[in-house]
Structures are given as structure tokens and as C-alpha cells.
């Protein structure tokens, strides 16, 4: 397990260095180019009639496609009358690309790709370092049983990037964002259930030879069957084409039934174990309870078997000069979150940061929610000052609050602010992906099913493989369980919450689900992968081997071949 911690820490440090360097370069480039585009605003607005302006409902994509010159695209995007081209973000990426990088599109593509990596890093790091820690602390403070905590709060910590990306995409609505939300969740579930599970099976089988690792049957069958039921429900919604708020809420409520099923399974297993101990027998299923809290793997963390912890257990060593230089480079990405997210993790505790977060968190919340209402901003500043004074008086410099009543307000504040940060980052990520799709001439749904799904799932691949290889039989059990329970949470809660909010905003009218061929393809290949695992694994004694792993990888390669084939057909 120590090797796993070192491996994941090394990966976090490398990712932080790359993201920080990319961020500093991009800040300089974007500042210069944004100033240049603002300087060119007046002639662009005064341009003559442009394609698409005559029809207010015209598609921005259809209007941009006939314009072969970047200068013409820049004039079109600078016009205040053009329809929305992409979900609203903090940066107008299309205008930046065509107006700022018009003479060097390769440089614009590289800048957008680097910024995409930075956003992926920030979203995953926020979920890992802050969101998961707050949820785990809340589960401990509320004294939730490990089985329930595993499939509720800690599952939310693991699936936060996928869930929030989906919610943001459906909330954005136009510009192909809804396609991104649907395809990213299905694409991520397919990637984890095929590539991650397949690589885990192949690596474990290769290292252990004849001593194959057996997976606990009951939890595996339960998770796979639940995911199949959820997919059938989702496909029925997609075939209908519309969904009401009540139908979306019923889909979301499926996860409540799953939590009840897990709780029942946990109680039955505990009762059986107590009976065996009372009879003087060794419990047969004592080593298999890790499946009850399967979706606990968080990008950048290496959780042991229950109870899972997102916190370090030892104080950090003395930093070297190179590490201090890396910290300075990383500070532009680290400090804004550290100063606004309450954090009482023992290894990161600082009273100065705690007081600063109490002061600034209400201000940031008000600035994001009601930026144009001065009274709200002033009230938030006053509330922040009061909270900061209370924090300075009630906390100690040496250690974070230890009492249950003292920890819950900090944990709740950390949860709220980490959600806000994750929402802002996911919103920007979706806007950037839609803009990249328009620039590259690729459907946003394809980018959601591949790029967004890969970015949100690569951390699971690294962590699951390392845990399966170096965590023994229990580590392999937890890794495989997470490959199915995690996608079940993201599919039901992520899409269920997104559809419920989107349909609720249009109540009493039904919400038109933005589904194209890629959604059906992803769902179909995911069903094929689940059926393959459900048939092959029990038939081979629940043992991980290359037959299972290779079959799952073939399913995903088939999905990529179909998607790329449809892309080529549409391009021709």
C-alpha cells in the first residue's frame, strides 16, 4: 500500500507541475490576445449583414461553416446579433480562437488543448483534495455505516467530476452542451467498465499466474444487474425523446432502491457472520465486505478497505528547494481554492487559511450567484467578516476542531464551496469542449464520449490498476467492484439529477432529451460489456483472467471503430 501512495503522490506532483506551467503560459497568451480582440470590437460590430443574422433562430454552427476565412468568422462572432454558439463560459473561446489566433490557428489549437488539460487537472484535484475530504468527514460526523457511506456520500466524492459535468451541460442547454452531458456519462461508464476493468483483469492475471484472484459473486452480480436495469430505463427515455420531471425523478429514485439493496445485503452478511462466530466457525465472507463500499476510489487517493480515508496519515516531510519551487509555480492554481474552501484536514490544517476561507467564501458565493446586486455582495462581505472573527476566536493554531459540533459547520462549508468550485470548472470545461468541437468540425457528443470521458476516468485507471496490483486480493476486489458500482452511481445520479433539473426548469412541459446516435451506440456497447462480464466471470469461477480482460477491451475498440466510422461518413 505504501508503494501505491508513493505512485499516486508522484502522479499528482507531475500533473500539478504540468498544469501550473501550462496555466502561467496561457495566462500571458490569453491576456495579450483578449486585449487585442477588445481593441478590434468596434469595426466588427459595425460590419455589414453577416450570414445567419437574417434568421434569429439560425444555428451558429451552420452560419460559421460556409465562412472559409477566419477574419469573416471573427466579424460574425463579434456581432452582437449572432445566435449563441456555445454554452456561456468565462472566456469566449470561439472569438478568442478566430480573432486572437486567426493568423496562427495551430497555436490557438495548442492553447485550447493546454487549457483543457489545466481544467481537467483542476476539476479532478478539487474533487480529490476538497470534495472527497469534506464528504468523508461528514460521513464520520454523521456516523453513517460504512456500507451506506460508501454508496452515498463517498460515491458522490468519487463521481463529482462526471456528475457535475453532466448537470452543467444539461443546464447550459444550447450549443450542443446537452449532447456533451449525456455522452460524457455514458462514455465514461463504458470506458471504466471496459478499459479499466479489462486492464485490471489482464494485469492481475499476468502477475499472479495460476493463483488467480476470485471476485465475490454476490456484490458483482448485484452491481452489474443494477447498472443493466438503469441502462434499460435510460434507453426507454431516449427512445421516447422527451421526459417529464416525474419520470426523471423516478429514474433518480432508482439509486435509493440500490442503497436499500446494499443496506439489506450488508445486514444479512453481518447477521450471517455473527451466526458463524456464535457457532465457533471462521466467517466465510469476512474478506468480501469491500464490495459494499465499492465506488470509493478518488482520483489521486489510494483508499484502503473500509473505512476509506481521503486524508494522509503521516505529516509531510521537510520540503526541498525544488519542491518549494514547485509550490511557488503551483500557487496560482492552489491559492484561490485554498483561500475560499474551508478545509479541516489534519495534514493541511492552517488557522490563517481557515480564517481567510471563512472571510472569502461568502463573498465568492455571492459574486458567482448574484454578481450584479451590490446589496448581496455587501451582505456577503459582512457575513464573511463575522464568520472570520468567529473562526479566529474558536479555532486553535495547532490542530483543527475535534468535537463533532465543531467539525460539522466546517465540513458543510467545505462541501458547499467545493461544489461551487467544481461547478465553475465543469461549466468552463463544457464550454471549451463545445467550442473545440465547432473549431475542429467534430460533434460535441463525440468529444463528450471520448475526450471528456477519458479525462474524468484516467485517474480511475491509474488508481484501480495500482490498487489491484499492489493491494492484494482485497485491492483487486475493490478495484473491480468500483468499475461497476461507480458507473452505476454516475449514470443514475448524474443523468437522473441532470434530467430532473432540466425537466423541472420547463415544468409543466416535457424536456426534449438531446440524444443522437452516439448515445445509443455507447449504451449498446455498455450493455454488451456488462453481459460479457456477467457471463464470462461466473463461468470461469469468478476469477480475473485474460479472457475477461481482452473481451472487454475488444468491446471498447469496437465502440471507437463505430464512432470513428460514423465521423468519417459524416465528414464525407
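Counting begins at 1 with the first residue displayed.
Glycine is treated like the rest: Cβ placed from N, Cα and C.
Per TrEMBL, transmembrane segment is recorded for 104-123 (among others).
Here TrEMBL flags 113-263 (among others) as domain 'Sodium/calcium exchanger membrane region'.
Residues annotated as transmembrane segment in TrEMBL: 180-204 (among others). Sequence-distant contacts of the transmembrane segment (180-204), counting only residues of its own chain at least 6 positions beyond either end whose CB sits under 8 Å from a CB of the stretch, comprise 162, 165-170, 212-213, 227, 430, 433-434, 444-450, 452-454, 456-457, 460-461, 464-465, 468-469, 476, 479-480, 483-484, 486-487, 490-491, 494-495, 498, 513-515, 518-519, 522-523, 525-526, 529-530, 533, 544-546, 548-553, 555-556, 559.
A Cβ distance under 8 Å defines the sequence-distant neighbours of the transmembrane segment (224-249), meaning residues of its chain 6+ beyond its ends; these are 189, 193, 258, 261, 484, 487-488, 491-492, 495-496, 499-500, 502-504, 507, 510-513, 515, 519-520, 523, 526-527, 530-531, 533-534. If you look up TrEMBL, you'll see 224-249 (among others) marked as transmembrane segment.
The transmembrane segment annotation in TrEMBL covers 353-370 (among others).
If you look up TrEMBL, you'll see 376-396 (among others) marked as transmembrane segment.
Sequence annotations record features per position, and here TrEMBL assigns transmembrane segment to 408-426 (among others). Packing against the transmembrane segment (408-426) from elsewhere in the chain are residues 119, 122-123, 126-127, 130-131, 133-135, 137-138, 141, 160-161, 164-165, 167-168, 337, 340-344, 354, 357-358, 361, 364-365, 368, 400-401: each is 6 or more residues past its ends and has a CB under 8 Å from a CB in it.
Per TrEMBL, the feature domain 'Sodium/calcium exchanger membrane region' maps to 411-564 (among others).
What TrEMBL lists as transmembrane segment is 432-454 (among others).
The transmembrane segment annotation in TrEMBL covers 519-537 (among others). If one looks beyond the transmembrane segment (519-537) by at least 6 residues along the same chain, the residues whose Cβ comes under 8 Å of a Cβ in the stretch are 179, 182-183, 186-187, 189-190, 193-194, 197, 215, 220-221, 224-225, 227-228, 231, 234-235, 238, 445, 449, 484, 543, 547-548, 551-552, 555-556, 558-559, 562-563, 566.
Annotated transmembrane segment per TrEMBL: 549-569 (among others), in sequence order.
Non-local neighbours of the transmembrane segment (353-370) in the same chain are 338-344, 376-377, 379-381, 383-385, 387-388, 390-392, 395, 400, 410, 413, 416-417, 420, 424; each lies 6+ residues outside the stretch with a CB under 8 Å from one of its CB atoms.
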